[in-house]
């Protein structure tokens with residue numbers, strides 16, 4: 001991922017270059033490897049690069065051979081090699097970047113190109129071959145990457161785009177989070193949805209599209225494995241975030257298997273080359289040297305976890321890592337270190353949502369440690385809970401239709417919470433997070449499973465399958481991977497069937513309690529009583545929310561900035577607590593005490 005900033009529809013762009021270069025510096029944490037700027041007839045494109053694919057040649061903005069098409073992209077296109085094969089043989093690619101293929105696709109297919117892309121992306125493309133010049137912008141189907149659009153009274157008629165809010169807040173009077181799965185076209189000022197999967201209208205109030213497909217465990221497993229495999233496309237060191245929960249552990253398990261396959265292939269290649277280079281009959285000494293040389297070439301997956309001392313996640317991650325054979329790194333943080341980081345976390349997240357801040361703080365601290373080790377990309381487990389109804393409050397769903405509609409609603413809003421967290425808390429340090437569960441093919445399979453297969457009982461131990469396994473949250477995912485291909489299980493049973501923990505809970509229950517206590521000391525009863533006068537819209541309902549909102553307003557004081565934030569709360573009409581912690585749900589093994 002990278003950082004992009006663009007403006008289109010201004011007079012004398014060259015005169016505005018210094019101003020926009022200064023604004024682009026606010027995104028440099030996202031792309032510390034190189035900065036690029038293109039000044040056109042009516043606009044400016046800027047790019048802050050994090051080099052992962054096409055490291056030596058992929059600097060942006062990318063410019064077509066004739067200099068007429070200019071492109072700035074934040075993200076990765078996993079099927080770029082297959083797409084290159086579909087364009088004319090006369091097209092000459094200038095780089096090894098996975099993103100350059102967007103230029104010939106635009107020339108061949110116009111706005112239809114987005115449905116051909118398999119990846120996570122936000123891009124702005126400037127076409128200077130037409131008059132007036134044309135700009136199109138698009139965001140990936142689910143919103144894994146971040147993108148904002150803005151308008152300014154300083155430049156009436158101009159349109160702005162940025163990967164983060166902070167590059168627009170001093171420039172624009174009106175700002176929106178650009179909708180995932182959509183494309184903007186300056187020719188008619190339209191923003192249209194291009195992503196139209198079969199399950200999309202499942203949350204409609206009238207005539208919802210409700211799935212009836214029985215679960216196919218093999219298809220579910222193989223589709224997720226393929227999603228992980230394609231996301232290992234990298235020319236730089238990578239690893240996995242491992243909390244010890246089901247989702248991250250499955251991703252780590254699949255990645256470890258795929259990395260082992262790569263290692264074996266490298267082993268065979270190196271073995272053959274060494275055999276060709278050694279003349280004469282082998283000796284014990286030459287055999288020993290050969291083995292040592294081959295071992296050096298074996299890649300080994302690194303895993304990373306964080307938590308308070310003896311937290312549930314640290315203990316579970318340690319067990320999973322030992323089972324998978326990863327090179328494991330765990331980091332212990334204190335409640336005070338987390339509290340000290342909150343203002344910086346909110347600055348990077350650009351939201352006042354309590355859930356997102358809670359979970360992002362340890363992820364932000366961990367990302368700094370990972371980047372310091374030279375790792376630029378990690379796999380993460382976001383998305384599974386939304387797709388499969390894994391949050392514990394889903395046990396209160398009154399029926400299968402309500403369950404499915406809530407899944408669809410959560411997936412559609414991922415860009416406001418978990419995707420935002422995974423993107424911004426890692427990219428604060430120039431670390432890219434990839435999320436296999438949000439693969440388009442996996443979504444198509446999992447979202448079309450009949451919701452009755454996903455539903456779970458309030459007491460899962462009272463509902464068991466034929467093997468005696470509890471029908472707990474995300475049962476179908478657990479069942480799909482409760483097997484041992486080639487005699488090797490994916491995970492230990494204690495991890496595969498571990499109860500759901502919110503990430504902010506799993507790093508240590510005292511983390512959330514510590515934030516609440518800190519906020520209670522920070523916010524007076526008098527100020528809290530007047531909260532509705534201060535914030536009549538989206539009024540904080542706890543002192544923790546008040547504390548976070550106050551920090552946000554200090555960093556982003558404009559109304560335009562506040563309007564981009566969205567709060568994550570469980571379904572109140574299901575009788576659920578407004579507290580997003582998993583422990584607020586009565587079925588959690590460590591549920592809060594209630595009167």
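From the backbone N, Cα and C atoms, a Cβ is placed for every residue, glycine too.
Residues or ranges marked as active site, for GATase activity in TrEMBL: 2. Taken from TrEMBL, the feature domain 'Glutamine amidotransferase type-2' covers 2-189. For 98, the entry in TrEMBL reads L-glutamine binding site. Per TrEMBL, the feature ATP binding site maps to 241, 306, 380, 381. Residues or ranges marked as site 'Important for beta-aspartyl-AMP intermediate formation' by TrEMBL: 382.
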Confidence over the domain 'Glutamine amidotransferase type-2' (2-189), expressed as mean pLDDT on the 0 to 100 scale, is 96
For the residue listed as 'active site, for GATase activity', the same-chain residues 6+ apart in sequence with C-beta under 8 angstroms from its C-beta are 30, 31, 47, 48, 49, 50, 60, 73, 74, 75, 163
Min neighbour Cβ count (10 Å) across recorded positions 98, 382 flags 98
Rounding to whole Å, the Cα atoms of the residue listed as 'L-glutamine binding site' and residue 380 (ATP binding site) are apart by 21
Span of 241, 306, 380, 381 as binders of ATP, largest Cα separation rounded to whole Å, comes out at 15
Cα of residue 382 (site 'Important for beta-aspartyl-AMP intermediate formation') to Cα of residue 306 (ATP binding site), in Å and rounded, measures 16
Close in space but at least six residues away in sequence, with Cβ under 8 Å from that of residue 306 (ATP binding site), the same-chain residues are 313, 314, 330, 331, 332, 333, 362, 363, 365, 366, 369, 507
Same-chain residues at least 6 apart in sequence with Cβ under 8 Å of the Cβ of residue 381 (ATP binding site), in sequence order, are 241, 243, 245, 247, 248, 249, 250, 251, 435, 437
Same chain, |i - j| six or more, Cβ under 8 Å of residue 380 (ATP binding site); the result in sequence order is 240, 241, 248, 251, 422, 433, 434, 435
